[in-house]
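Q: Here TrEMBL flags 61-79, 91-113, 134-160, 180-201, 208-233, 333-352, 364-386, 491-514, 539-562 as transmembrane segment.
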Amino acid sequence: MEASAMEEALSKKTTSKGGLRTIPFIISNEVFEKVATFGLHANMILYLTERYHMTAATGTVVLYFWNALSNFLPIFGAVLSDSCLGRFRVIALGSVVSLAGMCLLWLTAILPADRRTPECEARRDDCQLVPWQLPLLFASFVLMSVGSGGIRPCALAFGADQLDRPDNSARNVRTLQTFFNWYYTVLGLSIVLASTVIVYIQQAKGWVIGFAVPVVLMLTALTLLLLGSPFYLKAEADRSVLVGLVQVLVASYRKRRGPLPPETADASRFHNRAGYKPRTPSNRLRWLNRACALGDNPDKEVNPDDGSARDPWTLCTVQQVEDVKAAVRVLPIWSTGFMPGVIIGQQMFPVLQAKTMERRVGGLEIPAASFGVFSILTLTVWVAVYDRALVRPLSRLTGHARGVTLRQRMGIGLALFAVAMAVAARTEAARRAEALAEGLRDYGPQSGRAVRMSAMRLVPQHCITGLAEALNLIGQIEFYYSEFPKTMSSIGVSLLALGMGFGSVAGSAIVGAINAGTRSGGGRDSWLSSNLNRGHYDYYYLVLAALCVANLAYFVWCGWAYGEEGQNRVTAEEEAVEDTKTKEEQQQKL
């Protein structure tokens, strides 16, 4: 792969920069940031319904859009990181903005939410919000989303930069996989902490103290990140990467009427950077090969002094074309990540379910928002067991350094999402039937009347969802990081968040459509009624299960069309070796 400023910086690792000693600072920053962020997300549906008088459907749509914004913005943070500021600066800037958002949310809990009117004193449902409360709330959501847009796409890639090597050896693949797995194990434990301790504080001590704790944690995260600054390997941003992608598309369009180079053409028919191993472009997406094809008179297209293109918007290098192909080829598989975003984004509904069930285990009453911890625990345990106990025997059996291919892990995860929704539908049908049998049809989550069914019945669906996340989401991260050019690592990693963002938008549309379509003009409750006992959330879960099955079939087709994994990193290794040989030969001549 052609060396850029970022790649050269990453390949020149010294004992004074990077390495394992930087990981505690990066992981600590992520741990405190995730505890703060998820500590706010877990209980937010209750904050919206209780303090802002929103219905369950409206609150869910608001949170879907917040999740969508938080997942869309990382792509902009990744572009800013890879092409302008570098990963460290973007992470630090994102942490400051996220801290400001959390402070603003804390302020919404401190200031009064309702107007003090006689109607409000008599009946809580008749209260009117103070006019500036909603704008303040939404402003805090926006700031936290902007902050996460800087942290999410860069933190994982920044940590991997400290350990990664330019080769594609099995040892390097194993090192990166171990880093990814343990990274998510630590983050999983931090989310468990957020879903238990932070949620308990919010329920026991109130929203003011409950929102103050994430502020302190986020401030700690920022401090730890800055303390490790002298030890980080900080690769400079490379503006040419994104410009090069655009140049390929422009050059291909300009040459669209020209003939396609034959598949048997040798490297002399294509433009390669001077001093690098001559290559021919792959035959995938051949229409892009026009961008690097030389005409009948190459001297008019290439500068004789340095071998560069006279007009880079008409003639690009083979590697530029291959970088674009890597990005384009991954898009169909990436689109299969929308459905996991729908499933994960609707975790507000299980909170409302738990609130209507018996949550006491022994002498302890589990907060309704804490049942999501079983999903994270399953993810954490699976990642640890897979990395420590299963990878080696599986790799000996399959001959693959990761045990199974990334796409196989992603596909199994998609199948488990469908199973989780089917189990959720069955559990909700049983819960609703029990509620009707006990005469609780008119008692919703806010009534305080719980059905005589243990909320532990919700645990299986959470566990299956957690296992699906461990297989699919972590598989996606590794897949994008491995398949994208090194200079686009942040952009590749941000694709997961972007797909989750589209999933949140799709989930919001599904909720809105089902809520509107199942509500009759005669006053019948919709499937997603705020009173779960009058609704049919089991039908909603079955719709999601059917969509998951269709998405799995689509993924199988996309995986077949993609072809072999890892070709870009192999090419990069070959180019790096060739680049080293070329420089050694030049030094000998001097």
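Yeah, the Cβs are placed from backbone N, Cα and C, and that goes for glycine too.
How buried are the listed features, and what sits near them?
A: Long-range contacts of the transmembrane segment (134-160) within its own chain (CB-CB distance under 8 A, at least 6 residues past either end) are made by residues 22-23, 26-27, 29-30, 33, 37, 40, 52, 66, 69-70, 72-78, 80-81, 87-88, 90-91, 93-102, 104-105, 107-108, 111, 176, 179-180, 183, 232, 477, 481, 489-494, 497.
Residues 9-10, 13, 17-18, 21-22, 24-26, 28-33, 35-37, 39-40, 43, 88, 91-92, 95-96, 98-99, 102-103, 105-106, 109-110, 158, 161-162, 198, 201-202 of the same chain lie 6 or more positions beyond the ends of the transmembrane segment (208-233) yet place their CB under 8 Å from a CB of it.
Residues of the same chain lying 6 or more positions beyond the ends of the transmembrane segment (491-514) and with a Cβ under 8 Å from any Cβ of it are 57, 60-61, 64-65, 67-72, 74-75, 77-79, 82, 152-154, 156-157, 330, 334-335, 337-346, 473, 476-477, 480-481, 483-484, 526-528, 540, 543-544, 547.
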Q: Do any residues, 6 or more residues outside the transmembrane segment (180-201), come within under 8 Å Cβ-to-Cβ of it, and if so which ones?
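A: That would be 27, 30-32, 34-39, 42-43, 156, 159-160, 209-210, 213-214, 367, 369-370, 372-373, 376-377, 379-380, 383-384, 386-387, 470, 474, 477-478, 481.
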Q: Of the listed stretches (91-113, 333-352, 364-386), which one yields the highest count of Cβ-Cβ distances below 8 Å with the transmembrane segment (61-79)?
A: 333-352
Q: So, do the transmembrane segment (333-352) and the transmembrane segment (91-113) meet, by the test of 3 or more Cβ pairs under 8 Å (sequence gap 6 or more)?
A: no
Q: Under an 8 Å Cβ to Cβ limit, what residues of the same chain, 6 or more beyond the ends of the transmembrane segment (364-386), are close to it?
A: 42-43, 45-46, 181-182, 184-185, 188-189, 191-192, 195-196, 199-200, 203, 347, 350-352, 354-355, 403, 455, 458-459, 462-467, 469-471, 474
Q: List, by number or range, the same-chain residues at least 6 past the transmembrane segment (91-113) whose CB is under 8 A from its CB atoms?
A: 29, 33, 36-37, 40, 51-52, 77, 85, 129-130, 133, 136-137, 139-151, 154-155, 158, 206-208, 210-212, 214-215, 218-219, 221-222, 225-226
